[in-house]
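Feature annotations, courtesy of Swiss-Prot:
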type: BINDING; residues: LYS39, GLN429, GLU430, ARG431; note: beta-D-fructose 1,6-bisphosphate binding site
type: BINDING; residues: ARG40, HIS46, ARG52, ARG130, ARG386; note: AMP binding site
type: BINDING; residues: TYR114, GLY179, GLU194, LYS195, SER212; note: alpha-D-glucose 1-phosphate binding site
Amino acid sequence: MVRLEKNDPLMLARQLPIKSVALILAGGRGTRLKDLTIKRAKPAVHFGGKFRIIDFALSNCINSGIRRIGVITQYQSHTLVQHIQRGWSFFSEEMNEFVDLLPAQQRVHGENWYRGTADAVTQNLDIIRRYKAEYVVILAGDHIYKQDYSRMLIDHVEKGARCTVACMPVPIEEASAFGVMAVDENEKIIEFVEKPANPPAMPTDPTKSLASMGIYIFDAAYLYELLEEDDRNENSSHDFGKDIIPKITEAGMAYAHPFPLSCVQSDPNAEPYWRDVGTLEAYWKANLDLASVTPELDMYDQNWPIRTHMESLPPAKFVQDRSGSHGMTLNSLVSGGCIISGSVVVQSVLFPRVRVNSFCNIDSAVLLPDVWVGRSCRLRRCVIDRACVIPEGMVIGENAEEDARRFYRSEEGIVLVTRDMLRKLGHKQER
């Protein structure tokens, strides 16, 4: 776990988060997750057996000492808003603590959607100014990671930066999906290009590029000035990565913060964990990794808990069916309210209230809340969306052509099943 260095003033570590406000950009649709995000924004997608993706950014804020948070919403925000209202309403108004929901206001140009990530903040500037923060922490609400933002704040102040960008090396073949930077010996950013077709390699490792994680810290007054200027620029795309960060880089005011310095992990020798889970395969793989014997992401660390909305559910139950078959599981996450009757579940993640009936075999599957699996089903390498009713005898994940005809099948062979897909096949979704 991250610890302050001995020469770091403890008072600074305590005061900087109090002087900060975090703004979580949570309006993204996440189109690469296909039908998983038709009715919910990507930050509201379920993850890890009981959480939503946005819980990680919110928990990082709380654990870092930042208790003034704005969540900027847009696409299909109802599920996200409901989750935050139910699970994140424990703040003390008397202590000036809050999670403020900031939907698209159409204040500036009367458009239906935010024009870019920077415009999402600009449209809410009148509200954000009232927070009277000295520092603004800009976060994406759709990434899985654990980070101590107070350590990044200290780095920001000690370097005398006006803007600090969290960064980490990524394989050069994947770098086109990120903002890529070059830094000098003092970690000042000397070049920044958003999603380049030919990403430059790191001088120390030709196989990797230094990528922005979309995590920024700004001096508040400086940020407001930049956003107002950007808003007047008709040629701008009003995006942090495309417009704001390159401009600050040209002015020599942007610094990089290596993610390993503030990444929170139980094993100090492990690789820093950060996942985008932006594709179906990445989402499926990140969920299943949590069910492994030693997952890369430790969610059992009591020093850095991941919080969420907690439902009052009975414990999971594994029962013997009438034929004598035992319900059993191996290397899996099984949440509260689940019942497994006379079936085998291996290397899978079952969210709350999943019911698996007799003679089923569930292998390498992610079953979202309220899924009901009929008798004698075989489910493999799949993601089953919330409240799906899988009919008796259905087989998923064994025949590529059949899977692609009935459902969505990714190039990597991961199958996504939704209620609408099952209805089109004539299967009733009420039980």
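Keep in mind that glycine also has a Cβ here, set from the backbone N, Cα and C atoms.
Overlay of Swiss-Prot annotations on the structure.
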residue : record                                        : DSSP class
LYS39   : beta-D-fructose 1,6-bisphosphate binding site : coil
TYR114  : alpha-D-glucose 1-phosphate binding site      : coil
ARG130  : AMP binding site                              : coil
LYS195  : alpha-D-glucose 1-phosphate binding site      : coil
SER212  : alpha-D-glucose 1-phosphate binding site      : strand
ARG386  : AMP binding site                              : coil
GLN429  : beta-D-fructose 1,6-bisphosphate binding site : coil
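Taking the C-alpha positions, the distance from HIS46 (AMP binding site) to LYS39 (beta-D-fructose 1,6-bisphosphate binding site) comes to 12 Å.
Sequence-distant neighbours of ARG52 (AMP binding site) (same chain, six or more apart, CB under 8 Å from its CB) are PRO43, ALA44, VAL45, HIS46, LEU80, HIS83, THR308, listed in sequence order. Counted over all residue pairs in LYS39, GLN429, GLU430, ARG431, the record's binders of beta-D-fructose 1,6-bisphosphate, the longest Cα to Cα distance measures 22 angstrom. When the Cα positions of ARG40, HIS46, ARG52, ARG130, ARG386 are compared pair by pair, the longest gap among these AMP-binding residues is 39 Å. Rounded to a whole number, the C-alpha distance linking TYR114 (alpha-D-glucose 1-phosphate binding site) with LYS39 (beta-D-fructose 1,6-bisphosphate binding site) is 19 angstrom.
Neighbour counts of Cβ atoms within 10 Å were compared for the binding-site residues SER212, GLN429, and the top value is held by SER212. Taking each Cβ in turn and tallying the other Cβ atoms within 10 Å, the top scorer among the binding-site residues GLU194, GLU430 is GLU194. Its Cβ placed at the centre, ARG386 (AMP binding site) has 19 other Cβ atoms within 10 Å. Counting only same-chain residues six or more apart in sequence, the Cβ atoms lying under 8 angstroms from the Cβ of ARG40 (AMP binding site) belong to GLN76, THR79, LEU80. When the alpha carbons of SER212 (alpha-D-glucose 1-phosphate binding site) and ARG130 (AMP binding site) are compared, the span between them is 29 angstrom. Separation of the C-alpha atoms of ARG431 (beta-D-fructose 1,6-bisphosphate binding site) and GLY179 (alpha-D-glucose 1-phosphate binding site): 47 Å, rounded to the nearest whole number.
Highest Cβ count within 10 Å among the binding-site residues LYS39, HIS46, ARG130, LYS195, ARG431: HIS46.
When the alpha carbons of LYS195 (alpha-D-glucose 1-phosphate binding site) and LYS39 (beta-D-fructose 1,6-bisphosphate binding site) are compared, the span between them is 28 angstrom. The Cα of GLY179 (alpha-D-glucose 1-phosphate binding site) lies closest to that of LYS39, out of the binding-site residues LYS39, ARG130, GLN429, GLU430.
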